[in-house]
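Asks: From TrEMBL, for reference:
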DOMAIN    C:17-238  domain 'Glutamine amidotransferase type-2'
ACT_SITE  C:CYS17  active site, nucleophile
BINDING   C:CYS254, C:CYS400, C:CYS456, C:CYS459  [4Fe-4S] cluster binding site
BINDING   C:SER301, C:ASP363, C:ASP364  Mg(2+) binding site
4 protein chains.
Amino acid sequence: MTLTTSPYDDDHLHEECAIYGIFGTSDAAAHTALGLHALQHRGQEAAGIVATDGTTFNVHRGLGHVGENFGEDNQEVMDQLVGHSAIGHTRYSTTGETALRNVQPLFADLEFGGFALCHNGNLTNALQVREGLVRQGSIFQSTMDTEVIIHLIARSRRASVVDRLVEAMNQVEGGYSLICMSKDTLIGLRDPFGVRPLVLGKIGDAYILCSETCGLDIIGADFVRDINPGELVVIDAKGVRSFFPFRPRPSRFCIFEYIYFARPDSMVEGHSVYAARKGIGAELANESGVDADVVVPVPDSGVPAAIGYAEASGLPFELGIIRNHYVGRTFIQPTDKVRHLGVKLKHNANRGQLEGKRVILVDDSIVRGTTSTKIVEMVRQAGATEVHMRIASPPTTHSCFYGVDTPERSKLLAAQMSVEEMAEKIGVDSLAFISIDGLYRAMGEAARNNDVPQFCDACFTGDYPISLTDYTGGRTRQLSLLAEAS
Amino acid sequence: MTLTTSPYDDDHLHEECAIYGIFGTSDAAAHTALGLHALQHRGQEAAGIVATDGTTFNVHRGLGHVGENFGEDNQEVMDQLVGHSAIGHTRYSTTGETALRNVQPLFADLEFGGFALCHNGNLTNALQVREGLVRQGSIFQSTMDTEVIIHLIARSRRASVVDRLVEAMNQVEGGYSLICMSKDTLIGLRDPFGVRPLVLGKIGDAYILCSETCGLDIIGADFVRDINPGELVVIDAKGVRSFFPFRPRPSRFCIFEYIYFARPDSMVEGHSVYAARKGIGAELANESGVDADVVVPVPDSGVPAAIGYAEASGLPFELGIIRNHYVGRTFIQPTDKVRHLGVKLKHNANRGQLEGKRVILVDDSIVRGTTSTKIVEMVRQAGATEVHMRIASPPTTHSCFYGVDTPERSKLLAAQMSVEEMAEKIGVDSLAFISIDGLYRAMGEAARNNDVPQFCDACFTGDYPISLTDYTGGRTRQLSLLAEAS
Amino acid sequence: MTLTTSPYDDDHLHEECAIYGIFGTSDAAAHTALGLHALQHRGQEAAGIVATDGTTFNVHRGLGHVGENFGEDNQEVMDQLVGHSAIGHTRYSTTGETALRNVQPLFADLEFGGFALCHNGNLTNALQVREGLVRQGSIFQSTMDTEVIIHLIARSRRASVVDRLVEAMNQVEGGYSLICMSKDTLIGLRDPFGVRPLVLGKIGDAYILCSETCGLDIIGADFVRDINPGELVVIDAKGVRSFFPFRPRPSRFCIFEYIYFARPDSMVEGHSVYAARKGIGAELANESGVDADVVVPVPDSGVPAAIGYAEASGLPFELGIIRNHYVGRTFIQPTDKVRHLGVKLKHNANRGQLEGKRVILVDDSIVRGTTSTKIVEMVRQAGATEVHMRIASPPTTHSCFYGVDTPERSKLLAAQMSVEEMAEKIGVDSLAFISIDGLYRAMGEAARNNDVPQFCDACFTGDYPISLTDYTGGRTRQLSLLAEAS
Amino acid sequence: MTLTTSPYDDDHLHEECAIYGIFGTSDAAAHTALGLHALQHRGQEAAGIVATDGTTFNVHRGLGHVGENFGEDNQEVMDQLVGHSAIGHTRYSTTGETALRNVQPLFADLEFGGFALCHNGNLTNALQVREGLVRQGSIFQSTMDTEVIIHLIARSRRASVVDRLVEAMNQVEGGYSLICMSKDTLIGLRDPFGVRPLVLGKIGDAYILCSETCGLDIIGADFVRDINPGELVVIDAKGVRSFFPFRPRPSRFCIFEYIYFARPDSMVEGHSVYAARKGIGAELANESGVDADVVVPVPDSGVPAAIGYAEASGLPFELGIIRNHYVGRTFIQPTDKVRHLGVKLKHNANRGQLEGKRVILVDDSIVRGTTSTKIVEMVRQAGATEVHMRIASPPTTHSCFYGVDTPERSKLLAAQMSVEEMAEKIGVDSLAFISIDGLYRAMGEAARNNDVPQFCDACFTGDYPISLTDYTGGRTRQLSLLAEAS
């Protein structure tokens with residue numbers, strides 16, 4: 001089975017991962033499976049859960065969706081994932097190829113007992129650290145950056161798990177959230193800049209750590225609070241304790257979480273994602289309004305911004321493009337034989353809403369521009385007299401190194417062309433992106449603070465808050481000489 | 001693998017099938033696979049394609065989605081489906097259990113050569129006809145009503161395929177569309193009342209027959225026209241010929257196709273489905289308006305009607321409920337352990353749009369009422385101060401026998417309760433369905449013509465246009481004594 | 001999965017099938033699975049069992065071995081095969097391609113209820129009968145000759161199942177044994193010449209019909225007697241009744257059953273198969289003795305004859321060739337890369353027993369001669385100074401049409417070459433086959449009665465006892481226009 | 001899939017593993033697959049191959065037979081196993097549960113590059129060493145004893161691979177043969193006592209290391225010599241170099257290799273295995289002859305000894321018991337329903353050779369005695385008047401800790417009973433084992449040298465040549481807290 005995400009999705013950035021952990025309920029793995037299902041949008045290539053009963057660590061990891069690994073056809077697996085505490089992960093790979101050895105959570109038998117870990121984000125000096133560890137005789141199982149953390153913990157001479165973890169994390173750099181589990185402790189951690197999200201929830205007497213609040217909602221858990229940047233929380237039989245063991249840094253939460261990654265029904269760092277997207281749409285209407293008949297979203301990710309745009313502009317909102325919801329991981333092959341037909345696998349024009357009309361298309365972002373070009377052509381063929389595209393993010397000009405799968409800069413359309421050139425290539429009558437300050441205004445800020453920006457917006461600005469050790473100086477990216485045949 | 005559709009979908013009626021046929025292109029099977037993919041919403045349990053090169057009939061049939069049987073992982077299968085003509089089918093079973101023997105298209109080696117057939121709809125005297133055929137020594141392979149047609153054709157003494165088919169169809173009753181294929185002919189047929197849809201399209205020199213126009217759009221084919229009720233079209237190397245070999249009857253197209261079955265981007269019998277749904281929503285707002293803050297669709301099927309309602313009422317339209325798009329055929333099991341949590345696998349409240357608001361929920365229909373009850377409870381928990389439900393169809397009080405999977409009457413909420421009782425059970429502050437005349441108005445009629453209704457609306461009225469031979473007189477429903485162990 | 005038998009076995013004729021039936025025990029399917037396992041040597045491509053509880057017929061049929069379909073990994077299947085009576089089949093195909101539609105037992109819902117049938121042998125006028133049935137409107141599901149029997153029964157106007165079966169069997173010709181099952185009856189039948197075997201056994205109150213006695217031994221059942229040529233036995237709650245409804249013909253049991261097909265531990269028509277093979281070996285030593293040091297069997301089928309040869313000749317018997325028992329259905333591919341190495345996948349020389357010795361190799365038969373050539377070369381490379389081959393059957397010069405998979409005559413080495421030419425091709429110092437009379441002597445006859453031969457020996461003599469209607473006059477062999485893509 | 005070996009085989013000791021390595025041919029993996037296939041009898045639970053092209057190490061490891069992982073259905077896998085050098089392994093587990101993480105070859109990315117290793121035998125201080133390594137921060141991937149070797153090499157400060165390996169092996173104890181591969185070197189090694197076998201072969205310019213000579217024969221390679229106890233051979237582009245880096249110890253080759261483990265066509269340490277077995281049979285006839293009519297082997301392992309016994313005694317050799325060769329990894333379940341029938345899945349009596357006769361049954365060994373009991377009962381039911389059992393090994397009274405899967409002593413029949421008691425339990429008229437000196441005589445020795453025995457015969461004598469560090473002092477056997485759900 002080919003495990004790339006559908007090529008028809010290739011025009012978006014992708015979040016690497018969701019992470020989930022729960023402590024203090026007899027059904028820990030079942031809760032975790034549900035939570036990961038709610039977070040499936042953050043990674044669809046693989047899923048894994050480790051549960052512990054205080055002694056044994058029961059694990060299952062597999063390629064594919066959460067439901068394919070922990071669903072109705074896997075009852076035997078679920079029955080074996082016994083434990084009062086569990087952590088889980090869904091993966092969309094950037095670092096490390098897609099292979100079973102790279103499916104999280106990671107586990108190791110350490111001196112003090114079993115230890116499991118899952119991770120959302122990216123370490124920017126993992127290669128450097130790994131080289132040093134290999135020289136000392138550490139044997140790596142995977143090609144994941146995450147694995148260096150386990151080895152640093154294994155070699156630490158500190159007494160407690162928490163002290164070992166702090167010692168390890170002081171040796172790595174990056175943008176990440178972590179959840180770790182020992183036999184009697186669940187630990188959560190965000191990097192000092194707080195680039196990736198992590199929230200705390202509660203259901204009955206059990207505590208939950210997870211990437212987004214929709215992972216709490218699905219099981220009816222209460223949202224307690226966001227974990228803070230640089231905060232480490234320890235959850236055990238005594239409850240929740242909070243530590244700040246790292247040098248404090250200014251908060252730089254990933255602004256793209258609001259634009260595309262997070263689910264619209266999640267609350268992230270105090271903001272409703274849906275409201276943020278509507279706000280961006282409204283701001284976009286204010287910044288670059290145009291005379292037209294109808295506002296049409298590129299479904300599904302453009303819908304909230306389009307609703308905001310329509311409200312602010314007073315134009316009608318219509319589903320002028322219909323998405324086929326049966327586009328899944330295995331999909332119809334537009335074979336060479338039929339590819340020339342301009343096959344419309346994912347989207348179809350709703351001709352009655354487009355014919356003879358001046359259309360404003362609203363989408364969340366443009367990465368390579370390939371999907372946009374096809375959609376505009378389809379809308380014109382359906383009879384639109386004008387097509388104006390409005391994008392609910394600034395031009396994506398830089399790669400992300402903090403846990404998001406981005407094409408190389410040379411593949412980013414906005415890194416290669418001006419807005420006018422892009423408009424011509426995509427074939428629209430006009431094209432506008434929200435301004436960087438407009439984006440910050442939609443988030444409730446007066447403007448971007450260019451000295452100490454309120455968010456990480458490196459993909460739009462190239463302003464990288466965390467050092468990129470492994471990505472400078474020509475370091476080789478080959479982590480293992482082993483190639484699995486399959 | 002359990003092949004029931006997700007239990008979380010159990011509160012809708014389900015179309016049985018999509019059918020597709022193409023004649024006159026060297027890539028007939030590849031076109032058919034794409035067309036079926038566009039029609040996947042009409043049946044998700046199984047899919048099949050037969051292609052002919054003029055001699056051999058190459059077939060593949062399998063359980064699961066079109067993409068699972070004819071997609072990127074099945075290139076070898078596709079390579080074997082050689083032929084200039086092909087027909088295909090996706091199935092949501094009502095008659096006949098879900099087993100491989102019941103996956104269409106049906107095929108038989110008849111006296112005159114190979115013959116393949118696929119069918120959308122239901123024959124209402126199939127049991128009666130089958131009993132007679134078995135007495136004469138016919139051996140049935142399946143438990144599908146469709147198979148009687150093949151046997152009647154096999155036993156016909158008429159010379160041509162078309163004459164045999166006409167002779168056969170004169171012996172059966174029901175609401176259906178058919179596509180048949182012999183080595184050199186593609187034949188399409190609608191029952192005399194025209195209950196189920198069938199359209200004609202064209203791409204290059206090839207002709208297409210299929211259930212909805214979205215099956216043409218996906219490959220860029222042109223819509224030519226609807227096949228008429230009682231019309232039989234023969235497509236071969238000489239082109240398209242039209243026949244009306246049956247007694248003419250008044251047109252009674254299934255009105256539920258507009259309400260729920262068809263894709264919003266399809267044109268059906270001259271109407272845009274999306275526009276029809278918006279029109280119903282608008283009519284509903286006029287008939288049963290209520291003071292409120294926001295109009296919220298139950299996604300995805302309630303969205304067009306909600307947009308129509310919002311426009312007509314002047315209230316804001318908001319996505320107050322978010323659907324998890326990763327709910328698929330294999331799904332997360334809400335095990336007994338966690339079921340009590342009120343797991344929200346399919347929908348989640350978008351709290352920011354509901355809290356403190358008077359909410360109008362718009363949905364397409366109520367079948368058992370179980371999903372509605374859960375959604376209302378979820379909306380209230382999210383802080384809605386009032387919940388008013390508006391339904392874009394009249395109360396569903398009767399079963400369908402013409403190709404739609406309907407629960408027995410005793411399971412239909414509207415067959416057991418008044419609207420007031422239903423409102424109480426579902427837990428809403430008010431509940432209103434569109435009136436039957438309102439529905440007809442939304443379809444452009446002045447009102448329902450009670451003498452000769454313009455549509456089949458038996459599920460709302462009990463007015464069945466076609467006789468129900470097999471469903472009266474206590475006929476046994478067991479068609480085969482064979483039970484497949486697996 | 002490729003389902004051809006290993007190419008390394010391609011130098012033997014192959015029995016088509018084993019059949020099994022039991023009546024009168026609550027564990028009918030479990031008994032049948034064990035019985036088929038004991039008869040696995042008669043067919044390895046597919047297996048099937050139907051059990052009936054007196055109403056429903058529960059079935060499972062699959063490609064592969066009995067153990068792969070009804071073994072420890074299929075407990076759920078076994079649990080569903082409820083019934084007091086069952087019939088089963090293992091298949092090595094000759095008529096009809098290997099596809100699921102051709103896996104027996106066949107089943108049909110007939111006017112009088114369910115009817116299942118399995119068959120060992122071949123009908124020699126099945127094509128002719130089939131053509132007539134298709135013209136009358138019968139629809140065939142498979143490409144098996146066996147299916148005509150079902151259709152003839154379905155169309156019979158006789159009252160009882162037995163009468164219908166007799167009427168049907170009077171319309172077909174061939175060499176076969178049959179087992180049929182209706183809801184309350186088990187029926188066994190051998191063709192009038194008795195070409196294929198069928199035995200009756202008993203365990204407790206249950207009766208068994210099966211191909212060989214080893215199918216009785218495995219469950220500890222007692223052997224009662226052989227079913228006679230042309231005999232039809234009816235087993236039901238009243239016991240066993242015997243009928244002879246066909247024109248009596250001289251007995252012509254297949255002599256190759258003794259040479260290769262049957263298991264050495266079976267008793268067939270009053271003879272121990274092992275003793276028969278030893279007798280053939282002894283006769284061969286008498287007919288064509290040669291001065292040598294050691295008698296070496298080609299394992300495993302040549303072993304009993306080699307023991308007989310060694311005893312009769314007074315020469316030592318040694319395992320000079322060792323067989324790798326892990327050669328199975330999926331096997332190591334001698335890729336193009338390594339094929340030139342003369343890979344010895346199945347056999348290896350036991351050098352210590354061959355080096356410097358004059359070796360008599362004993363094998364059961366020569367079909368194409370390819371394996372013999374390889375083995376002789378291997379034995380010489382191991383240092384044998386002379387290699388004399390002795391074959392425990394006469395030269396195989398004609399194809400079988402009575403249920404054995406034989407290559408076309410043009411592929412039969414003995415049909416193309418004299419014994420001297422064969423010896424040269426195979427590379428032996430001498431080659432001898434047992435004479436036809438020697439073979440009959442080993443079976444306890446004085447000689448072959450050339451007027452009315454005691455056995456069917458058509459593969460050696462071309463003397464076909466049963467007419468070959470379908471194989472004369474250029475009748476097309478294509479039975480179905482349907483090709484399954486997979 | 002249940003991966004225990006068939007319960008019907010439970011009355012033998014089992015070799016843990018076969019190992020294979022080749023250096024210097026472009027088809028290294030294909031050669032290795034064939035070689036492992038020839039060695040399949042040494043382990044059937046899993047198989048793996050790593051090949052290197054001098055940079056990358058291409059690997060595939062899987063549960064099941066060699067042919068299931070590297071056979072005709074795995075052509076894509078084979079195509080990816082590119083390299084001029086390869087090592088491979090088949091596994092029958094004793095140390096470490098059967099799970100994918102425990103399938104060899106092991107691989108690690110070490111400071112100096114890739115390193116792969118496979119192992120036949122057992123380390124007797126692996127637990128002790130592992131504990132120390134974990135304390136220092138080594139993270140183990142598996143529960144195999146073998147993995148400590150990799151970690152010791154990783155942590156070694158020596159410069160060359162060979163020096164690191166020697167340093168590592170000086171820290172472990174046990175009976176083993178090893179094959180290791182770095183990017184440009186193949187290394188073979190036998191423990192100082194030479195308990196497990198390892199031979200050197202050559203084909204063209206390529207060198208081969210493997211467990212038995214039958215692994216050379218299959219590809220037509222020449223046998224060069226046995227690797228000596230304590231010898232380390234380095235094979236690279238310069239040829240073969242030999243080292244003896246360990247303290248010399250007296251040779252103690254496993255005598256059970258001759259009795260049962262090795263293939264009869266292999267030459268092991270200068271002896272033909274087949275000839276050794278025949279010699280044991282002859283010696284047994286001399287030691288404990290008995291008046292009888294026929295010598296019958298328990299197939300297949302008892303056959304050579306029975307031939308030897310028959311020759312020495314002058315009694316006829318007959319296949320009085322027939323083995324069903326279709327008993328495989330998935331097998332027919334003798335469900336509770338039918339188990340009482342005394343199901344004969346694996347063996348059947350050849351009644352004609354047993355009825356009315358005094359039978360000498362020859363088998364290679366008795367472990368639990370369960371199979372012997374069943375077979376004797378079966379032979380008596382077939383009419384044998386006397387049954388005398390002769391065993392081609394001394395009583396098995398002790399467990400093996402050097403790489404053979406042995407039941408605990410409490411399960412070994414001979415550890416619990418006298419020969420007379422065993423005879424009574426098994427139900428024979430007489431029972432005799434070969435004497436320990438008789439066994440040594442059959443191997444060409446005058447007698448066992450009790451001061452410095454010529455072989456390891458600990459399973460018969462309890463005389464363990466290598467210290468058993470991990471098996472004394474109550475050390476816990478749980479190596480990992482991780483349990484894979486599946």
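Heads up, the Cβ atoms here are built off N, Cα and C, so glycines get one too.
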Asks: Determine which residues of the same chain, besides C:SER301, C:ASP363, C:ASP364, have their CB within 8 A of the center of the CB atoms at the recorded Mg(2+) site, and list them by sequence.
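Replies: Neighbours within 8 Å of the Cβ centroid, excluding C:SER301, C:ASP363, C:ASP364: C:HIS12, C:ILE259, C:TYR260, C:PRO297, C:VAL298, C:GLY302, C:ALA305, C:VAL362, C:SER365, C:ILE391, C:ALA392.
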Asks: Among the recorded positions C:CYS17, C:CYS400, C:CYS456, C:CYS459, whose Cβ has the fewest other Cβ atoms within 10 Å?
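Replies: Ranked by other Cβ atoms within 10 Å, the recorded positions C:CYS17, C:CYS400, C:CYS456, C:CYS459 bottom out at C:CYS400.
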Asks: Just give me the nearest neighbour of the residue listed as 'active site, nucleophile' among the binding-site residues C:CYS254, C:SER301, C:ASP363, C:ASP364, Cα to Cα.
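Replies: Closest by Cα: C:CYS254.
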Asks: Could you state the CA-to-CA distance between C:CYS459 ([4Fe-4S] cluster binding site) and C:ASP364 (Mg(2+) binding site) to the nearest Å?
Replies: 14
Asks: At the Cα level, what's the spacing in Å between C:SER301 (Mg(2+) binding site) and C:CYS254 ([4Fe-4S] cluster binding site), rounded?
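Replies: That separation, Cα to Cα, works out to 18 Å.
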Asks: Report the same-chain neighbours of C:ASP364 (Mg(2+) binding site): residues 6+ apart in sequence with Cβ closer than 8 Å to its Cβ, ordered by sequence.
Replies: C:HIS12, C:ILE259, C:TYR260, C:ARG277, C:VAL298, C:SER301, C:GLY302, C:ALA305, C:ILE391, C:ALA392, C:SER393
Asks: Excluding near sequence neighbours, so keeping only residues 6 or more apart in the same chain, what lies with its CB under 8 A of C:CYS254 ([4Fe-4S] cluster binding site)?
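Replies: In sequence order, the residues whose Cβ lies under 8 Å from that of C:CYS254 ([4Fe-4S] cluster binding site) (at least 6 apart) are C:GLY175, C:VAL195, C:ARG196, C:PRO197, C:PHE261, C:TYR402, C:VAL404, C:PHE455, C:CYS456.
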Asks: In sequence order, what residues of the same chain, 6+ apart, have a Cβ less than 8 Å from the Cβ of C:ASP363 (Mg(2+) binding site)?
Replies: C:PRO297, C:VAL298, C:SER301, C:GLY302, C:SER372, C:MET389, C:ARG390, C:ILE391, C:ALA392
Asks: Note down the number of other Cβ atoms within 10 Å of the Cβ of C:SER301 (Mg(2+) binding site), including every protein chain shown.
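Replies: Neighbour count, Cβ to Cβ under the 10 Å cut-off: 19.
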Asks: Tell me the coarse DSSP state (helix, strand, coil) of C:CYS456 ([4Fe-4S] cluster binding site).
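Replies: It is in a strand.
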Asks: Cβ within 8 angstroms of the Cβ centroid of C:CYS254, C:CYS400, C:CYS456, C:CYS459: which residues besides those meet this for the [4Fe-4S] cluster site?
Replies: C:GLY175, C:VAL195, C:ILE255, C:PHE256, C:TYR402, C:VAL404, C:ASP457, C:ALA458
Asks: Give the three-state DSSP assignment (helix, strand or coil) for C:ASP363 (Mg(2+) binding site).
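Replies: The residue in question, C:ASP363 (Mg(2+) binding site), is strand (DSSP, three-state).
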Asks: With H, G and I counted as helix, E and B as strand and the rest as coil, say where DSSP puts C:CYS400 ([4Fe-4S] cluster binding site).
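Replies: Its secondary structure by DSSP: coil.
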